[in-house]
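Annotation source Swiss-Prot lists S-adenosyl-L-methionine binding site at 94, 99, 117, 118, 119, 145, 146, 164.
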């Protein structure tokens, strides 16, 4: 991907919106971070010309549904001061066009994120974005989560895993938990959330060495859409059989109630 010249559309003028982040996130981007986030918008819009990266193109919708939403989930980890104090080794599973991993990397420059996706084209785009935004502490990798989770160098090596708009929660858990250290945490981004889904997830977590710590419900600031974020913790080593081979987690999800 070449630099947009001119960009697909001008970066959104978001200065008036940053103040709301202090209320919702307990954090505001610095001027260089604002510039990176605005440049991210321009790069995604330019990339959208040649591949289907996102249907969200309105500047305000992009700010809310990609930038704000990506960072809102991190609040489950504690106050922003506490979050920024940790040198996270994180992974964004199913990153797509780079969300939530790129906003998280911009907001947490002390962290080192791996952005994982099975699509070679999307990862090529994300690699170019990381280069143009000078995010040298992040890397983008084209690989399936099931294979990455069985790689001896990657398995059990992450402090934090993020999964947004990837699959059902129990499937995301099978992708995330094997990659975490014991004590590591995963944040699953959901829309609506039901008690039935929670019970399925808990059954899956009992097999994976994980625990559901917290579910937080909130509404988005502009469109007032309902969101839920789930905080998982790895409390025991994940059995070596997980994640199962590619495709099986989606075809045969863990935690299904066999009595039904």
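Placed from the backbone N, Cα and C atoms, the Cβ positions cover glycine too.
Structural mapping of features recorded in Swiss-Prot.
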residue: 94; record: S-adenosyl-L-methionine binding site; contacts (Cβ under 8 Å, 6+ apart): 116, 117, 118, 145, 163, 164, 165, 166, 167, 175
residue: 99; record: S-adenosyl-L-methionine binding site; contacts (Cβ under 8 Å, 6+ apart): 66, 69, 70, 92, 164
residue: 119; record: S-adenosyl-L-methionine binding site; contacts (Cβ under 8 Å, 6+ apart): 96, 142
residue: 146; record: S-adenosyl-L-methionine binding site; contacts (Cβ under 8 Å, 6+ apart): 175, 243, 244, 245, 246, 247, 248, 249
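Within 10 Å of the C-beta of residue 118 (S-adenosyl-L-methionine binding site) we count 16 further C-beta atoms, all protein chains included. Taken residue by residue with DSSP, residue 146 (S-adenosyl-L-methionine binding site) is part of a helix.
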